[in-house]
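Each remark here refers to the structure printed beneath this line.
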Amino acid sequence: MTCLFPRALGSLALLMVVLLVQGELHVKPGGQHREDGTALQLAKRRYKREWVKFAKPCREREDNSRRNPIAKITSDFQKNQKITYRISGVGIDQPPFGIFVVDPNNGDINITAIVDREETPSFLITCRALNALGQDVERPLILTVKILDVNDNPPIFSQTIFKGEIEENSASNSLVMILNATDADEPNHMNSKIAFKIVSQEPAGMSMFLISRNTGEVRTLTSSLDREQISSYHLVVSGADNDGTGLSTQCECSIKIKDVNDNFPVLRESQYSARIEENTLNAELLRFQVTDWDEEYTDNWLAVYFFTSGNEGNWFEIETDPRTNEGILKVVKALDYEQVQSMQFSIAVRNKAEFHQSVISQYRVQSTPVTIQVIDVREGISFRPPSKTFTVQRGVSTNKLVGYILGTYQATDEDTGKAASSVRYVLGRNDGGLLVIDSKTAQIKFVKNIDRDSTFIVNKTISAEVLAIDENTGKTSTGTIYVEVPSFNENCPSVVLEKKDICTSSPSVTLSVRTLDRGKYTGPYTVSLEEQPLKLPVMWTITTLNATSALLQAQQQVSPGVYNVPVIVKDNQDGLCDTPESLTLTVCQCDDRSMCRAPIPSREPNTYGESSWRLGPAAIGLILLGLLMLLLAPLLLLTCDCGSGPIGGAATGGFIPVPDGSEGTIHQWGIEGAQPEDKEITNICVPPVTTNGADFMESSEVCTNTYAGGTMVEGASGMEMITKLGGATGATAALGPCSLGYSGTMRTRHSTGGTLKDYAAPVNMTFLGSYFSQKSLAYAEEEDEREVNDCLLIYDDEGEDAAPHSPTLSSCSIFGDDLDDNFLDSLGPKFKKLAEICLGIDDEAKQAKPGPKDSGSGADTCARSMEVPQSGSNRYQTLPGSLEVTQTGSKICHTLSGNQETSVMSTSGSVHPAVAIPDPLQLGNYLLTETYSTSGSFAQPTTVTFDPHVTQNVTVTERVICPLPSASSSIVAPTELRGSYNMLYTKETCSHL
């Protein structure tokens with residue numbers, strides 16, 4: 001046990017040694033390695049020293065052959081074998097050739113020629129040792145042969161003459177120039193070290209300069225250089241090598257003294273004076289001479305003249321003559337003797353260049369007085385002010401400038417100070433011919449529009465010259481006008497509507513402003529309506545919403561149609577477009593979805609603003625046709641017979657005069673008061689008549705209007721049924737003497753939506769009085785409890801408290817409710833008589849009742865009409881002649897129109913009451929009212945033809961107003977009525993009015 005421990009310890013130590021050895025063999029060194037990675041140990045070889053000796057130095061420009069051999073080469077291999085020595089390089093096999101040679105057997109190198117160091121400072125010789133096979137046994141060596149320098153080259157200056165300059169009054173030790181010289185000898189050697197010195201100075205005298213020995217810098221020695229005394233210096237400088245003891249060379253230096261502004265200019269005179277006529281200009285009134293000692297024709301010598309006082313009105317200018325340095329006094333603004341007789345001002349002078357710092361503190365402004373005497377002369381005309389600026393008003397387009405008046409620019413009489421007379425104005429310079437001036441009033445206006453590409457516009461301004469020529473003296477005065485024109489907006493913003501159609505219930509729409517050039521013409525935009533030339537009511541308004549939109553809305557209720565709304569848009573630079581933009585807007589009736597119910601017709605009656613239109617071929621043709629008709633009208637008038645009678649009647653031989661006393665009312669003519677008024681009786685309505693349960697007009701009222709030659713029946717719907725009368729052949733017997741040869745009747749009916757034009761005619765007031773009296777009695781007898789308010793009230797106003805269904809005369813009064821009857825108080829006897837006739841108190845009129853007369857040459861007018869329903873239907877039978885057939889007790893009214901004198905008779909009263917005859921089949925009790933007119937109307941007599949099934953119980957009442965002898969008072973029953981029974985004829989003839 002005791003020996004195991006030592007054994008184990010020894011084995012462990014042996015193992016560690018093996019591991020250490022194995023680890024050393026595999027360490028990777030930084031040197032060479034085998035393929036297995038182990039280090040390769042190289043044996044170190046000891047080399048011998050160089051096999052050539054150093055060469056001896058050679059001196060230039062000497063014979064160095066006595067020093068041969070200058071070098072020797074020897075190889076250790078020559079002991080064992082034959083060695084051959086060879087050399088090569090510059091001076092051997094390169095130029096210069098043959099300077100060095102070698103002995104091939106022993107290796108001695110010899111020099112054979114004189115060398116120059118400046119050409120070849122040193123020689124490099126390549127030495128080789130070769131065996132018998134011509135192989136190098138030694139590594140080739142380089143042998144250096146140095147050439148020693150000798151002082152054989154003098155210094156050389158870079159220039160023969162050096163030129164320099166320096167300002168006068170410069171401080172001492174100021175650098176003037178640096179001289180440059182070189183030496184070809186060995187650098188950094190005494191042979192090439194140069195020393196400089198000044199040999200001489202011209203002009204001689206006090207030395208003004210010095211030079212640095214080593215650097216060659218020439219500097220000032222003093223600060224007293226003065227160009228005005230000596231303007232340049234000439235120096236001779238030498239340079240010697242070997243630090244001044246060797247070879248030397250000389251050069252020249254030319255130094256110019258530069259001028260500085262160290263001399264003040266001084267005027268030669270202490271004061272100046274001159275004379276000049278008023279209102280004249282002078283380019284050279286005076287010359288000022290100045291003395292300056294600085295260099296001529298330089299800024300230091302050139303004088304600058306200026307005013308120190310007295311030229312506040314800028315009447316004078318001083319210009320310097322560059323050749324003589326004199327100041328030239330010019331009169332650039334005319335002097336007025338009436339304002340100033342003498343001008344005093346002061347001038348001073350300085351140089352164009354600033355004064356030198358050495359004397360600037362000594363400068364003082366010296367003012368010299370100048371007096372100008374103004375000579376009085378007879379003055380002419382001039383423009384005051386000499387220029388005038390006009391501005392085109394904002395909003396005026398550049399293409400609407402023709403005729404635009406800018407204003408006037410008149411010349412002034414200098415003697416009176418007022419506008420000159422006997423002056424003719426013309427335009428001198430007028431680029432583009434845009435303007436024109438009135439030769440008498442000097443009014444200026446545009447005659448051409450401005451093009452945006454015009455080259456005559458400079459900074460938005462047009463300039464022109466105005467000449468005023470005195471017609472007495474021939475003198476001319478010139479003035480300049482400037483016209484500021486509106487700016488052009490080449491990128492006008494456009495206005496876009498949110499929608500084209502709007503509703504009448506909400507007439508508004510949003511406008512949006514857009515532009516293509518976003519970089520220049522940006523918002524905010526201002527949208528406004530174009531100002532209307534006429535004083536029209538404002539229909540639209542614009543309210544700004546934001547920078548690019550606005551609200552267009554109607555200010556009042558608008559009707560459907562198409563509207564053109566011109567608007568003006570301003571950009572952010574307040575620029576306007578040349579023309580306003582017109583927006584087309586359609587206003588329509590909308591449904592619940594705010595959509596137009598029906599399209600708006602293409603016609604635009606409600607166009608707002610200006611609309612473009614043109615004449616078509618049809619319109620042009622109509623215009624030409626109208627002109628042709630105007631030319632033919634005089635020819636047609638020559639063929640007209642103005643005295644012919646009415647249609648269908650005999651000629652009367654001329655116009656029938658209106659007889660006196662035929663008027664039935666009192667009119668206010670021009671000599672009595674205001675304009676005549678229409679006093680005809682309004683419509684008297686007839687209530688519906690019922691026969692066998694059938695209404696005539698189906699719950700509508702029937703109103704009759706009597707016109708010349710026809711009867712009109714009005715319904716509640718506003719339509720008029722017109723019955724016209726005409727002659728027919730082959731008819732039955734005539735009715736009375738009014739037939740005048742007619743034997744039949746023809747009935748024509750049609751309806752129209754309007755009314756015929758009424759012609760005012762006088763009314764027989766006597767008949768109306770009796771009629772209304774009888775009607776009042778009839779109402780009183782029919783219904784006792786009914787209030788009697790339908791009596792003869794010519795000027796009465798029944799008021800608004802009448803019963804709704806009670807008959808009134810408010811609508812049948814021949815006078816208006818607001819008629820003032822005070823004018824009756826001033827009427828004469830003639831009108832008093834007429835008033836008695838109208839009131840029914842004229843006894844003479846009642847007693848004068850002439851008998852009926854036969855038909856004469858005059859034309860009787862019989863306007864009879866009768867509407868009788870046929871049994872079993874609601875058809876009507878018309879009896880020509882304005883015959884009113886109504887039910888007994890019903891309301892009757894007859895409207896009088898046209899050129900007729902008409903009267904109406906009712907069934908009640910004391911005249912001829914209607915007789916009711918019962919009829920078992922149809923409703924009887926009819927009243928036939930016949931009306932005659934004999935005032936000259938040309939209505940034709942008619943024949944009454946009854947239907948075979950007409951009512952048999954008829955009461956016929958006849959009343960004739962017969963102011964003419966041709967009126968007839970008899971009635972002849974037609975053929976159909978002669979066999980009838982229960983027929984009552986009543987005749988009443990009125991007296992002449």
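Even glycines carry a Cβ here, placed using N, Cα and C.
What Swiss-Prot says about this one:
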- 158-267: domain 'Cadherin 2' (DOMAIN)
- 384-495: domain 'Cadherin 4' (DOMAIN)
- N110: N-linked glycosylation site (CARBOHYD)
- N180: N-linked glycosylation site (CARBOHYD)
- N459: N-linked glycosylation site (CARBOHYD)
- N546: N-linked glycosylation site (CARBOHYD)
- 845-876: region 'Disordered' (REGION)
- 905-930: repeat 'Desmoglein repeat 1' (REPEAT)
- 931-961: repeat 'Desmoglein repeat 2' (REPEAT)
- 50-617: topological domain 'Extracellular' (TOPO_DOM)
- 639-993: topological domain 'Cytoplasmic' (TOPO_DOM)
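Cα distances from N546 (N-linked glycosylation site) to the glycosylation sites N110, N180, N459 are smallest for N459. Residues in the domain 'Cadherin 2' (158-267) partition by DSSP class (helix H, G, I; strand E, B; coil) as 3 helix, 50 strand, 57 coil. Within the same chain, residues at least six positions away from N110 (N-linked glycosylation site) with a Cβ under 8 Å of its Cβ are S65, N68, P69, I70, F100, V101, V102, D103. Taking the glycosylation sites N180, N459, N546 in turn and counting surrounding C-beta atoms within 10 angstroms, the largest count is reached at N180. N110 (N-linked glycosylation site) falls within a strand segment according to DSSP. In the domain 'Cadherin 4' (384-495), helix, strand and coil residues by DSSP number 3 helix, 49 strand, 60 coil.
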